[in-house]
Ligand code: F6P
């Protein structure tokens, strides 16, 4: 990729899309009535995912113009550069190769990037992770007093937390009984305290997950956990009061995942108990690397392999499918349409699956850390809006909370509905199949959002005239429906890869670097500068701006003890 970004707003396709938007009044009911093939023509499959785009505010002409925009902004060339390992993360001068993490073993042609045999390295590390997972699962790995591990606590934050916890929650039915994973991320000491309060140090294993092994929150929590381990073992009378014994306890109760293995050793974790990955894996793209070790322990190597195969199936779909049927490409372009032409500021992701209750939180980092940028990768300012706010909660809970605004508010809120045909728990309520009832809600919501309810329909129900306006639903509220047979490890991998590539497509159109995250640095630096002001350094306190200084003084005056 030697060429710079194309300003999307200067392309002929952009001008055509602007004119098309101005000339088109959204009319989903009319469009469906006029074209009986619409649902079929705008529904696609990617691996096991069935994706219906037909309830979006697009016509075939819109889709054609969006595909032209992709062509004119070089999205597919950039995609190919990513898969080939070119340094498309320009500001950090790195390859972006999370797709290499899920290439199947024994791929027909080797992937060599920057002189590194990527496939061989990935498989070698996976072998180590799987051996560790098997050892914990079988009881071969025991704590310092010889007891079997019952609890694994992943300590990490951002990409070193959100992916593992989301996937663990999603795949709980696949987890080994008697082995529970927990997750500590926040530097609020409450997190470590609450997570460990009912655990037995003799049967608890910590995984310290940090790409850089320099993250304040993670290292602080790791030290708190280590102190908790030593204190608990001492209180139980099973830890001798000497450094060798403490070191031995750490060796049996701490492993690490990082790209900075020398820092792991400095923390006191035996490098033999550390799993690595590479700088070409972004934190928010790392759940399928060794960062997923907690998940591998929970669900086991076979299921983890299925998880990776799911990612790979969608990678291959994105890499090889014709643009007109390429689901991540189409969904990414639709997001551009919604943001830049329909004025959407946010995007809801609404899984009809309780197991996906952390999916939106996970997607927030993936999408917003990737595309929350106002300069392009050549350093020039962007010329149009970028990264929308992603948010969401599982249905049906959201229906009784925020759906009101999606149905009748003044803003365009595109929403992705995700559900699975086969329930994990096929429960019945008397005669009623509860999953069917759940799914009826999914279908009802997307239907109501698309087609609404007219004043005539409201009046026909005998509604008093003065209340009619409040009970009208405008319809024409865009949704995408994503269905899969069931929530398996493979399907979860497919869903994650789908959103990774959607995020990529949006960033590629906008000409931004979706793989750096400089926006998180300033706050980290200032926190370290401010910390002394909270512990008696008056010069540091005086150096603050008036607002920050007054907030710190309030804190100091009101802090008990
Ligand atoms: O601060 C943001 C960030 O760098 C994320 O990109 C990353 O996922 C997270 O911090 C954690 O970083 P690390 O894995 O290096 O501890």
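Just so you know, glycine gets a Cβ as well, placed from its N, Cα and C.
Sequence annotations record features per position, and here TrEMBL assigns active site, proton donor to 369. The active site feature in TrEMBL is assigned to 400, 524.
Within 10 Å of the C-beta of residue 524 (active site) we count 12 further C-beta atoms, all protein chains included. The active-site residues under consideration are 369, 400. Their Cβ neighbour counts within 10 Å are lowest for 400. The two recorded residues, residue 400 (active site) and the residue listed as 'active site, proton donor', show a Cα separation of 29 Å. Comparing residue 524 (active site) with residue 369 (active site, proton donor), their Cα atoms are 15 Å apart once rounded. In the three-state DSSP scheme, residue 400 (active site) is classed as helix. Secondary structure at residue 524 (active site), taken from DSSP and collapsed to helix, strand or coil, is helix.
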